[in-house]
Amino acid sequence: MRYFRPLSATAMTTVLLLAGTNVRAQPTEPTPASAHRPSISRGHYLAIAADCAACHTNGRDGQFLAGGYAISSPMGNIYSTNITPSKTHGIGNYTLEQFSKALRHGIRADGAQLYPAMPYDAYNRLTDEDVKSLYAYIMTEVKPVDAPSPKTQLPFPFSIRASLGIWKIAARIEGKPYVFDHTHNDDWNRGRYLVDELAHCGECHTPRNFLLAPNQSAYLAGADIGSWRAPNITNAPQSGIGSWSDQDLFQYLKTGKTAHARAAGPMAEAIEHSLQYLPDADISAIVTYLRSVPAKAESGQTVANFEHAGRPSSYSVANANSRRSNSTLTKTTDGAALYEAVCASCHQSDGKGSKDGYYPSLVGNTTTGQLNPNDLIASILYGVDRTTDNHEILMPAFGPDSLVQPLTDEQIATIADYVLSHFGNAQATVSADAVKQVRAGGKQVPLAKLASPGVMLLLGTGGILGAILVVAGLWWLISRRKKRSA
């Protein structure tokens, strides 16, 4: 997926006192075999399952795996690198060992640290066999592209790549081997390998701690991922996917569409570039494993997200139409009038969408049923664009660059509020400030504040004071020793 995964903290010596060690052990047992795909090599299959193209190809018109895609992070944009076998701008000169180090440990051939927008904390448990297959695929089947990708230039202190080595220790990013769990069958083990390693689902769906390392106590319980919300996919019946049928889960992962859910944002990209191409047996294995994930309930959720239906519409369409006109639409903040103007032609005045389901119902929809409204806000701001089975699903964006109807933060807030109260979870509310935050890329994480001028000044002042204290302490010790020897 194309949103930020964990990013380094600056080098903090105090953290090192609490840190563990980073040790790589080799797997002793193979993973369950994937479903048979005779039309492609195993390495090609693994590249699809690992979703390499989503980040390393710059949009639908970009050159395959040539990098250049801007991955949004709290510290700034991180540009994906060229991983074609180009010997001038790609990884064509990498040995298998160097490729493995980059993939599993985030260390380039020149020894520099890779930013963890690359999910090496998930890939570090890939088996040796799979790493070799991926290497063979990239080196022999991918077309080399002799073109550079933009350089990542993050603000200080995040521009210091060496600090990533300290972050890996402090955040306990360890290369633990994959171990086959003999208490479960092959299907479950294959599902776990796909979810935790290849598809790296936890990179988005597991929340992060202060150091932006995965908080495993809330494994797959949902997290903010840039402007979007990666939902809870534990087996919780109200907060997660516990009320979904196996068929619904299978269909959603394969197509991005069910009667009560539609994929958008990073999840739409994962389905478009990766999941839709996996064999049915592998999708079923993912469903099997997800069914075993312990439920993590969220406070305030009393029914499943798709069981909310808001309240019956209390306004007259005619009255709403009379309160707006093309000349006043840009200024109105009447939620009903705005909904009727920019939403109802597809989703209908009653919010139930088209009869054939092409335009989804907003009633009984997981996006409108969440307590966290970020996905609804982001869908309005950025639209929906996914292609599955060579069929594109498109909802226009209504953000500032909209070609259809640019809306202000306040207008988007009133539309979202109207949708939630009439068709979704009436407990959720949206403010103009919430829209502004989503538009800006989501909540600022505490570590990102290290790059602010005020914090840098404070850290700099603290460093100077610390140096003065150290010098003063040394002077005192030397003076004391001289007095004793006198």
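Glycine too: its Cβ is placed from the backbone N, Cα and C atoms.
Keep in mind that this is a model prediction, so the values were computed, not measured.
The heme c 1 binding site annotation in Swiss-Prot covers Cys52, Cys55, His56 and rests on sequence analysis. In the three-state DSSP classification, Cys55 (heme c 1 binding site) falls within a helix. For Cys55 (heme c 1 binding site), the number of other Cβ atoms no farther than 10 Å from its own Cβ, over all displayed protein chains, is 25.
Summarising the annotation, Swiss-Prot assigns heme c 2 binding site to Cys201, Cys204, His205 and lists sequence analysis as the type of evidence. The secondary structure of Cys201 (heme c 2 binding site), as reduced to three states from DSSP, is coil rather than helix or strand.
Summarising the annotation, Swiss-Prot assigns heme c 3 binding site to Cys343, Cys346, His347. In this view, His347 (heme c 3 binding site) is surrounded by 22 other Cβ atoms within 10 Å of its Cβ, with every protein chain counted.
For 38-142, the entry in Swiss-Prot reads domain 'Cytochrome c 1', with the evidence type sequence analysis.
For the domain 'Cytochrome c 2' (186-294), the DSSP-based tally of helix, strand and coil residues reads 53 helix, 12 strand, 44 coil. Feature annotation from Swiss-Prot assigns domain 'Cytochrome c 2' to 186-294.
Regional average pLDDT for the domain 'Cytochrome c 3' (330-423) in the model is 92. Residues or ranges marked as domain 'Cytochrome c 3' by Swiss-Prot: 330-423.
What Swiss-Prot lists as signal peptide is 1-25.
Residues annotated as transmembrane segment in Swiss-Prot, with sequence analysis given as evidence: 458-478.
Under the DSSP three-state reduction, Cys343 (heme c 3 binding site) is assigned to coil, being neither helix nor strand. Burial estimate for the binding-site residues (Cys52, Cys201, Cys204, Cys343, Cys346): highest at Cys204, by number of other CB atoms within 10 Å. With respect to Cys346 (heme c 3 binding site), the closest of these binding-site residues in Cα terms is Cys55, chosen from Cys52, Cys55, His56. Per-class residue totals from DSSP over the domain 'Cytochrome c 1' (38-142), listed helix then strand then coil: 41 helix, 9 strand, 55 coil.
In terms of DSSP secondary structure, the domain 'Cytochrome c 3' (330-423) contains 40 helix, 10 strand, 44 coil. For the pair Cys52 (heme c 1 binding site) and Cys343 (heme c 3 binding site), the C-alpha distance works out to 35 angstrom. Rounded to a whole number, the C-alpha distance linking His56 (heme c 1 binding site) with Cys204 (heme c 2 binding site) is 18 angstrom. Among the binding-site residues listed (Cys55, Cys343, His347), Cys55 has its Cα nearest to the Cα of Cys201 (heme c 2 binding site).
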